[in-house]
Amino acid sequence: MDELFPLIFPAEPAQASGPYVEIIEQPKQRGMRFRYKCEGRSAGSIPGERSTDTTKTHPTIKINGYTGPGTVRISLVTKDPPHRPHPHELVGKDCRDGFYEAELCPDRCIHSFQNLGIQCVKKRDLEQAISQRIQTNNNPFQVPIEEQRGDYDLNAVRLCFQVTVRDPSGRPLRLPPVLSHPIFDNRAPNTAELKICRVNRNSGSCLGGDEIFLLCDKVQKEDIEVYFTGPGWEARGSFSQADVHRQVAIVFRTPPYADPSLQAPVRVSMQLRRPSDRELSEPMEFQYLPDTDDRHRIEEKRKRTYETFKSIMKKSPFSGPTDPRPPPRRIAVPSRSSASVPKPAPQPYPFTSSLSTINYDEFPTMVFPSGQISQASALAPAPPQVLPQAPAPAPAPAMVSALAQAPAPVPVLAPGPPQAVAPPAPKPTQAGEGTLSEALLQLQFDDEDLGALLGNSTDPAVFTDLASVDNSEFQQLLNQGIPVAPHTTEPMLMEYPEAITRLVTGAQRPPDPAPAPLGAPGLPNGLLSGDEDFSSIADMDFSALLSQISS
């Protein structure tokens, strides 16, 4: 029994009798990138495992049981045993041939190394780097040369500390080499540091199945998983390799919580985990919520307070106006007249019922020559009028002589469908008497224009005074057909040139002819003879008639 006791309860290892080396600050395993020599920049400094953004630390060793002079060599070896010399190199101050070597300070036993960087080599330079390690005797564990050939993990290295001190007799004494934790290249996804950068949501139902988008640093789609841990519970998110987008994004669904009937939110940890080396990222908080059987949040939408409902009703287009309608905006319009002077009201012009009341002394003597009057009357356009069929007086002798002197061919119109004759226009009332009179009285001429019209002639034989004009005849012309006496006939269109001719020549008006019978042929104006008969007024050629008048 006494012989088995040491086997069951082994004794504590005895402390070394001499000095030994201890690593009190390990190098940071992840987060550092190995630099190529062709990059032309410093490889950086290897940080310590407790290094932060505000407090920087570096790999540190302590020589226990010894204080005095000594040397230290730091080299790179492979991660897995046998720990062969690594083709990568250490660069920095006091570095040569791929390793670091310097004298130790005799006054202290703790030594820190701040200027150490890792420089990687290309695969094509791998054999040359291994041969250089053999030539410089950089082989801390004395691995045979035959075993140094083979594959190397270029994404992970270890630091090997070799310390040489002096024994009491002054001879050099090599202490056993010490290896650090592996240091991984942050550029390689299979060894890089795992880090969750961002998620689109950090809570979900306790039943699971919520889709989450996760952004991260480079990962390998075949060597990554989303790990959930809680008190006495762990689970993994559900996704496939196709859900890993370009090694930096993962779309997964949350696993169900251990207790699907929980009544209060539960906080758990969510991490990235690499199964190959069981490396974990920094945890991120995730919250499981109780299941309310309301996946579409209908109950939450129904929770409307009175004030909320009231505000909604105020904004509703179907609700009545709550505030009185604002008064319309008044726009200032500039007035054309002065505000101080009132605008005079329009006054009707007092027209007289007869020309006998006109003071002729107010008007200058004006008589038109016969040539200009006939030419002006021919050029003045007149609207076509429908002439009623009524007995007309015989043509004036002056007009008949004018027509005989300049005969014009009358075109014969082709027979056409008879057109309806418009009914006779109603006679104007007394109120319309002043229309033409006002137009005549308002005529204004300049001296030059009037002189050009009259031909600048003052011969009394040519011009006749207006005093010799018969007022009754002029009144009949202005009234446009209103008879002065009941026994006089209604004047027609052709009486105007006749009256003007009489004004120019000074001749008296001939007596009115006897009224023609109702069945008498010819037009009412008396221009056509008895043998010229038209079945309708539409058969008459007005253009030929006007050309005769103008000639």
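A Cβ is built for glycine as well, from the same backbone N, Cα and C atoms used for every other residue.
As annotated by Swiss-Prot, compositional bias 'Low complexity' applies to 519-528. Swiss-Prot lists Lys37, Lys122, Lys123 with the feature SUMO3 cross-link. The annotation N-acetylmethionine is assigned in Swiss-Prot to Met1 on the grounds of a large-scale study or a structure entry. Residues or ranges marked as S-nitrosocysteine by Swiss-Prot: Cys38. Per Swiss-Prot, the feature (Microbial infection) Phosphoserine maps to Ser75; the stated evidence is experimental evidence. For Lys123, Lys221, Lys310 (among others), the entry in Swiss-Prot reads N6-acetyllysine. Annotation source Swiss-Prot lists phosphoserine at Ser276, Ser281, Ser529, Ser536 (among others). Annotated N6-methyllysine per Swiss-Prot: Lys310, in sequence order. According to Swiss-Prot, the feature phosphothreonine maps to Thr505 (among others), an assignment based on experimental evidence. Taken from Swiss-Prot, the feature region 'Transcriptional activation domain 2' covers 520-551, and the record attributes it to similarity to another entry. Marked as motif 'Nuclear localization signal' by Swiss-Prot: 301-304. Annotated motif '9aaTAD' per Swiss-Prot: 536-544, in sequence order.
Within the set of recorded positions (Lys122, Lys221), the lowest number of other Cβ atoms found within 10 Å of a Cβ is recorded at Lys122. All protein chains considered, the CB of Lys123 (SUMO3 cross-link) has 10 other CB atoms within 10 Å. Listed in sequence order, the residues of the same chain lying 6 or more apart from Lys310 (N6-acetyllysine) and placing their CB within less than 8 Å of its CB: none are present. Around Cys38 (S-nitrosocysteine), no same-chain residue six or more apart in sequence has its CB under 8 Å from its CB. Under the DSSP three-state reduction, Lys37 (SUMO3 cross-link) is assigned to helix.
Comparing the Cα of Lys123 (SUMO3 cross-link) with the Cα of every entry in Lys37, Ser75, Lys221, Ser276, Ser281, these being the recorded positions, the smallest distance points to Lys37. Compared over the modified residues Ser75, Ser276, Ser281, the count of CB atoms lying within 10 A of a residue's CB peaks at Ser75. DSSP assigns the residue listed as '(Microbial infection) Phosphoserine' to a strand segment in the three-state reduction. There are 14 other Cβ atoms within 10 Å of the Cβ belonging to Lys37 (SUMO3 cross-link). For Ser281 (phosphoserine), the nearest neighbour among the listed recorded positions (Lys37, Ser75, Lys122, Lys221), judged by C-alpha distance, is Lys221. Following the DSSP three-state reduction, the secondary structure of Ser276 (phosphoserine) is coil. In this structure, the C-alpha atom of Lys37 (SUMO3 cross-link) lies 9 angstrom from that of Lys122 (SUMO3 cross-link). Of all the modified residues listed here (Ser75, Lys221, Ser276), Ser75 has the Cα closest to the Cα of Lys122 (SUMO3 cross-link). Cα of the residue listed as '(Microbial infection) Phosphoserine' to Cα of Ser276 (phosphoserine): a span of 27 Å.
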